[in-house]
Amino acid sequence: MSELAIGIIGMASLFVLLGFRIPVAFSMFVVGFLGIAAMRGFNVAVNYLASEPFTLGASAELVVVPLFILMGNVATETGMSRRLYDAAYAIIGSVRGGLASATIIGCGGFAALSGSSVASALTMGRVSLGEMERFGYDNRLSTGSVAAGGTLGILIPPSTGFVIYAILTQESIGRLFLAGVLPGLLLLAMFVLTIILMCWIWPEMGPAGPRTTLTEKMRAMIGAVPILSVIVVTIGGIYTGIFSPTEASAVGAGLIIAIGLISRTLTLRVFWNAAKSSVTTTATVMLILIAAHMIIPFLALTHIPQQLGAFLSGLDVPPLVVLGLILFCYLILGCFLEGFAMLVLTMPIFFPVIQQLGLDPIWFGVLVVLTLEMGLISPPVGVNVFIVKSLVPHVTLGTIFRGVVPFWIAMMVTLGLLVAFPQIALYLPNTMIN
Amino acid sequence: MLRTLDTFAGRVIALSAILGTLGLIGEVVVILIDVAGRYFGSPLRGAQDLTQMGMVVLVFGGMALCDRQGGHIAVDLFERKMPDWMIRLTDLLAAATGALIFSGIAWQMWKSAAISRMLNLATNIIYLPKAWFQYYIVVCCIITAVGMLLRVVSLLMGGPIRRSEGHQS
């Protein structure tokens, strides 16, 4: 049997296993192991069982995953993340659609503390949905803004999506983090613009919220200063070269813990629960990465990525068209597959193609992560939509999905802008110090 | 009998998660001391070694608890269309596959640890013996595999099935 045939059988088996609810990590492990065994013998495959788990498990570079997860978990458990929303609420809550915009800004701020979209949607949804309901917001606008705002979690650094991309493609985590900053802010601005436009066309969708006094505004802003300082120190530290991403993650986690202790919102029990939850989430991510490193050599042996690359490069079309095709695949896959799963399953195939075409891998990483975000609000899987649904059981799924449509369009526009102007993503990493 | 075994497994898994959590706290402390030390001109000697091995402790310490809490990401696209017997079958398959994978890792890691001991392999700066951490992985993988095997037995005896409630990303 040819190498290509084995590869195709392997990939087909992978999708069958995934369809049968076998966890993504286990499915990749089995297919990778059996594939290598079929092509290079059982002993070669068995060797990977010890080498890959230890090499990845002992990777100092990957410490950013648990530490940034810890930072986000502590911020959530202590209610610190709410302060960002409170500040935005106090400043713009009184304008039409202001509460929805405050939700988006709160999500953006929370995204800079946590790499998780689900955590962003859950945390901000808990504090903002009730408030928007109280002021008579249309359910489509309120739920859509929470679901869409939550997606900022994996674009604005620290982002677990970028860490996984970096490990799979051997790109710099720091450069990827910085590449996510401006596109993240652009997307945040696009979301706010969407809300403004919606409320301009249909004013009844987002009535003005309560007026706040200058003292209340100042108090809310002062409350957000510690959290904003953590964000500035971690991201600024990476940009200026003072910290490596690993050090920034530890400093960020340490600062959040210190703020929690000083403000007396962090008890030992709360900290322990946040830490334990961070450990189990890390285990989930790491097992997928270990499994990805079983399937990557198998795919390399089958030469599928090279053949696909040769085919796509051979097409008489510009590289941007090929990029468009790949992004289109991601948009379609995003409707059916969980983001991480999609990333680890496709990257070994698509990344060599991108390299062959000579496209910037950092830029491609940002585009891919943005399409992953779109998957989070695309039917039928749309994880963030289900998270919002769990917070407002009386609102139908159809209403929430209709609510995210304008935001999805805003994401498409952002994607188009990023494709047209790669500098939006590449400016910061290219001017990064050290 | 199964309930007693499950309770015992639960305690061992909790212990392994405690080690993982301590590993995480250790990571924060080590890196912070190193960063602060570097600022004052004396970085922590062996910080890199401690970070790497701390990562081993936290990653593998959390594996069993992650599985027990149903934390593995699965594609649940067709789940709503699946009858209960099929969900049970796929749960069984998943648990059995996981048990096999972790047993395999444990077995290979055991052999690898023996080689590390024979060759006195250690970390670069403060010479932490690699074998210690490889044996730790062996123990954690066995705990994870046993947890999965218990779920296989429980599912075979009509125990509860898992329906997904959402993913993390």
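Placed from the backbone N, Cα and C atoms, the Cβ positions cover glycine too.
Predicted automatically and left uncurated, TrEMBL annotations should be read as such.
Quick look at what TrEMBL annotates:
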DOMAIN    A:12-424  domain 'TRAP C4-dicarboxylate transport system permease DctM subunit'
TRANSMEM  A:12-36  transmembrane segment
TRANSMEM  A:56-75  transmembrane segment
TRANSMEM  A:141-168  transmembrane segment
TRANSMEM  A:180-202  transmembrane segment
TRANSMEM  A:222-242  transmembrane segment
TRANSMEM  A:248-267  transmembrane segment
TRANSMEM  A:279-300  transmembrane segment
TRANSMEM  A:320-350  transmembrane segment
TRANSMEM  A:362-387  transmembrane segment
TRANSMEM  A:407-428  transmembrane segment
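Using a Cβ-Cβ cut-off under 8 Å and counting only residues 6 or more beyond its ends in the same chain, the transmembrane segment (A:320-350) has close neighbours at 14, 18, 24, 28, 117, 154, 160-161, 164-165, 168-169, 285, 288-289, 291-292, 295-296, 299-300, 304-305, 308, 312-313, 357, 359, 364, 367-368, 371-376, 378-381, 383, 415, 419. Long-range Cβ contacts of the transmembrane segment (A:141-168) within its own chain (Cβ-Cβ under 8 Å, at least 6 residues beyond either end) map to 56, 59, 61-62, 64-65, 68-69, 71, 97, 99-101, 103-104, 106-108, 110-112, 114-122, 124-125, 128-129, 132-133, 176-181, 183-185, 187-188, 191, 195, 198-199, 205-206, 234-235, 238, 245, 248-249, 252, 285, 288-289, 292, 296, 339-340, 343-344, 347-348, 351, 365-366, 368-370, 372-374, 376-377, 382, 384-385, 387-388, 391-392, 395, 399-400, 402-408, 410-411. Outside the transmembrane segment (A:56-75) by six or more residues, the chain places 81, 110, 113-116, 119, 158, 160, 163, 167, 173, 227, 230, 245-246, 248-250, 252-253, 256-257, 260, 266, 270-271, 274-275, 277-279, 281-282, 285-286, 289-290, 293 with a CB less than 8 A from a CB of the stretch.
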